[in-house]
Amino acid sequence: MAGMYMKRDSSIDLPHPIQAQTSMTLCWQSESYQVNGAKINHSNCTPAILGVVDLTKLRVHQDDNASSRNVPGLNSTVTESKKAVTYQNNNELPNIEFSWWYIFCLKCRQKEVGPGWEPKYWSKTCPHPYCPSFRQVARIMALLITVVLFWGVVITVIGADAKPGGQLFNIAVLVISAYLGGWVLRMLTLPALVGMLLVGIFYQNAGLISIEGKYKGLVSVLRKIALVVIFTRAGLDLDPVALKKLYCRVLILALVPWFFEAAVIAVIVYYLLSIPWPFAILCGSIIAAVAPAVVVPCLFRLRSKGYGVAKGIPTLIIAVAGIDDAASVIAFGVGTSMLFGSNTVTHDLLLSPISIAVGIMYGIVWGFIVKYFPERSDPYVVPLRIMMLTCGGLLAVLGFEETSLEGAGPLAVIISAFTSMYFWTKQGWNIENNPVATAFEIFWMICEPVLFGLTGTQIILNQLEIRFVTTAIACVIIAIVARICVTIIAATGSSLNFKEKLFISLSWMAKASVQAALGPAVLEASSGHSEVNVGHAQMIVTLCIISILLTAPAGAIIVSLLGPKLLTKAKPNSNEQWRRGPRPSIRDITLYNEDEENDTYVSNDQLECDKTKTDIVEIQNERI
């Protein structure tokens with residue numbers, strides 16, 4: 001039987017008789033693990049950097065005749081449950097398989113950087129990968145202690161609301177629970193935001209949270225902060241160089257399908273759900289936006305492996321997602337000002353282009369300022385640029401809201417992030433290795449459970465009618481099918497083949513962050529107006545949440561599974577749009593990688609296991 005566990009910074013001698021009969025090292029070719037089968041080092045194997053996995057307690061079944069006649073070799077079989085490590089001889093490929101439980105535990109382990117320290121008996125007490133490393137446990141304990149101390153400070157300052165049962169305490173518990181719910185779905189290779197939404201729905205309908213009074217204002221501010229983060233990320237993810245080359249095709253594929261999908265949704269909800277035209281148009285413009293939170297991680301994974309890069313398909317899809325968001329933001333600002341503003345319709349129609357122009361000008365000017373301040377060689381350039389971009393986005397969203405130019409705020413955030421990225425690339429920063437974008441990745445990890453957890457609380461199940469839910473589902477499905485067809489038609493005349501057109505049309509079906517941010521914003525804007533308007537705004541929120549629950553998991557699965565099938569894989573350095581991979585902090589929700597030799601799909605961890613086979617053969621051949 002085989003016991004497989006993690007011991008950091010050192011390897012363990014294999015028990016007798018293996019140690020006496022073989023001297024081989026199995027190198028796990030991964031950025032996070034090494035597998036050492038014996039203490040004797042091989043010249044091609046580097047020391048363990050992030051951890052060592054040892055195979056111990058091995059039972060060897062040897063052929064007595066072979067052991068007496070052959071040159072020193074190994075003929076042994078090691079099995080445990082469905083895990084198997086088989087070595088036939090020095091010239092045959094070993095069979096390495098791991099159970100689903102082992103791979104699941106391995107996936108739960110975070111990839112660490114640099115050597116670490118752990119107590120003497122940690123490896124034996126907490127075997128790898130079934131238990132977390134000491135570094136992970138220590139990190140969690142440090143966070144828990146920090147949270148407890150911070151909670152004590154908040155109780156001292158605020159009082160009863162921060163104690164168990166208070167509204168502030170319940171909001172904090174909801175956010176933490178939403179994060180845990182998202183982590184569970186992420187381990188199941190589904191978008192975390194779906195789990196966060198479900199947690200928010202559960203809390204609301206189980207009576208575990210009730211947001212009232214001044215905390216409604218707090219929740220509104222938290223949503224706007226999340227809005228700034230997600231739109232800043234969308235702007236920073238746009239590649240200015242590639243966008244300049246593809247701008248004509250990008251504009252066609254972004255605006256034509258977006259407009260058509262928004263129109264289809266508006267018509268359907270008007271006739272089937274009896275929502276007035278202004279609200280129906282606003283609903284369509286929000287739901288038509290593509291979700292960068294779902295699409296971008298999947299595409300980064302495909303792009304890092306070369307799928308579609310020869311024709312710039314990943315860049316095209318990411319750019320369209322950003323433009324879609326900008327179009328929805330513009331429509332949202334214009335629509336809310338016309339629906340809930342105190343001005344006349346004529347005044348709002350005249351003010352709308354002014355709002356768009358002001359948002360664009362604000363973004364360009366702020367991006368130009370961030371180009372020069374701070375100075376590019378300043379050792380503190382990264383934190384200063386992060387603070388300036390964040391503060392500029394918050395001022396745009398919160399400041400323009402106090403005027404009659406509500407739509408200018410979110411648009412200014414996207415434009416300022418894109419303009420800044422444009423100037424930074426000219427100064428030498430790589431779009432794939434941008435520390436400011438990495439910082440906003442971290443900000444989004446904090447804001448994501450806040451946004452989606454609180455959005456889920458807008459759904460009250462006992463107030464939903466079956467007819468409304470089924471009709472809403474039908475509306476979303478019809479709109480997606482219509483968008484897929486229009487996208488394929490709009491791509492006619494380009495260099496894309498039918499499979500590539502089908503892929504990009506399917507990749508734009510996912511809905512997530514824009515709907516979660518703008519849907520509740522419509523409900524907040526309707527507060528203080530008639531109950532009829534509030535009811536229509538609530539219907540928009542419900543439609544947004546249903547669209548997220550339907551399309552986010554489906555979009556992630558479809559992009560991950562069909563990408564290697566529908567896209568052509570380019571060789572490294574065959575095109576300037578090749579990217580080695582995403583920034584380290586981007587979460588990968590890819591389900592499978594393609595094993596090209598067998599034309600099958602294997603899990604990511606299993607693929608890393610299979611990579612050791614080639615190393616074993618090379619080591620054994622050198623021994624011969």
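From the backbone N, Cα and C atoms, a Cβ is placed for every residue, glycine too.
Annotated transmembrane segment per TrEMBL: 140-160 (among others), in sequence order.
Residues or ranges marked as domain 'Cation/H+ exchanger transmembrane' in TrEMBL: 176-559.
For the transmembrane segment (192-211), the list of distant contacts is 167, 170-171, 173-174, 177-186, 219, 293-294, 448-449, 452-462, 512-513, 516, 545, 548-549, 552-553, 587, 589: same-chain residues at least six beyond its ends, Cβ to Cβ under 8 Å. Here TrEMBL flags 192-211 (among others) as transmembrane segment.
Residues annotated as transmembrane segment in TrEMBL: 217-236 (among others).
Sequence annotations record features per position, and here TrEMBL assigns transmembrane segment to 248-273 (among others).
Residues or ranges marked as transmembrane segment by TrEMBL: 279-300 (among others).
The transmembrane segment annotation in TrEMBL covers 312-334 (among others). Same-chain residues lying 6 or more positions outside the transmembrane segment (312-334) and placing a CB less than 8 Å from one of its CB atoms are 231, 234-235, 237-239, 242-243, 245-246, 249-251, 253-255, 258, 262, 281-282, 285-286, 288-292, 295-296, 299-300, 302-303, 348, 352, 355-356, 359, 405-411, 414-415, 418, 496, 500, 503-504, 507-508, 514, 518, 521-522, 567, 575, 577, 579.
Away from its own ends, the transmembrane segment (354-373) comes close to residues 330, 333-334, 337, 384-385, 388-389, 392, 396, 400, 404-420, 422-424, 427 of its chain (Cβ-Cβ under 8 Å, at least six residues beyond either end). Sequence annotations record features per position, and here TrEMBL assigns transmembrane segment to 354-373 (among others).
If you look up TrEMBL, you'll see 380-401 (among others) marked as transmembrane segment. Long-range contacts of the transmembrane segment (380-401) within the same chain, counting only residues at least 6 positions beyond its ends with a Cβ under 8 Å from a Cβ of the stretch, are 224-225, 227-228, 231-232, 358-359, 362-363, 366, 369-370, 373-374, 407-410, 412-413, 416-417, 420, 424, 435-436, 439-440, 443.
Per TrEMBL, transmembrane segment is recorded for 407-424 (among others).
Annotated transmembrane segment per TrEMBL: 436-460 (among others), in sequence order.
Outside the transmembrane segment (466-490) by six or more residues, the chain places 252-253, 256-257, 260-261, 264-265, 268-269, 272-273, 284, 287-288, 498, 501-502, 504-506, 508-509, 539, 542-543, 546-547, 550-551 with a CB less than 8 A from a CB of the stretch. The transmembrane segment annotation in TrEMBL covers 466-490 (among others).
Within the same chain, residues 189-191, 193-194, 197-198, 201, 269, 273, 275-276, 279, 282-283, 286-287, 291, 294-295, 298-299, 301-302, 455-456, 458-459, 464, 468-469, 472-473, 475-477, 480, 503, 506-507, 509-512, 515-516, 518-520, 522-523, 525-526, 589-592, 601 sit at least 6 positions outside the transmembrane segment (535-562) and bring their C-beta atoms closer than 8 Å to a C-beta of that stretch. According to TrEMBL, the feature transmembrane segment maps to 535-562 (among others).
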Exercise for review: For the transmembrane segment (436-460), could you work out the same-chain residues 6 or more beyond its ends whose Cβ comes under 8 Å from its Cβ atoms?
Suggested key: 171, 174-179, 182, 192-193, 196-205, 209, 211, 219, 222-223, 225-226, 229-230, 232-233, 236-237, 293, 382, 385-386, 389-390, 420-421, 424, 513, 516-517, 519-520, 523, 538, 541-542, 544-545, 583-586
Review point. Which residues of the same chain, at least 6 past either end of the transmembrane segment (248-273), have a Cβ under 8 Å from a Cβ in it?
Key: 280-281, 283-285, 287-289, 316, 319-320, 323-324, 327-328, 331, 468, 471-472, 474-476, 478-480, 482-483, 486-487, 490-491, 494, 504-505, 508, 539, 543
Point to revise | Outside the transmembrane segment (407-424), six or more residues from its ends: residues with CB under 8 Å to it | key: 227-228, 231-236, 238, 240, 322, 325-326, 329-330, 332-334, 336-337, 352, 355-356, 358-360, 362-364, 366-368, 370-371, 385, 389, 392-393, 396-401, 431, 434, 436-437
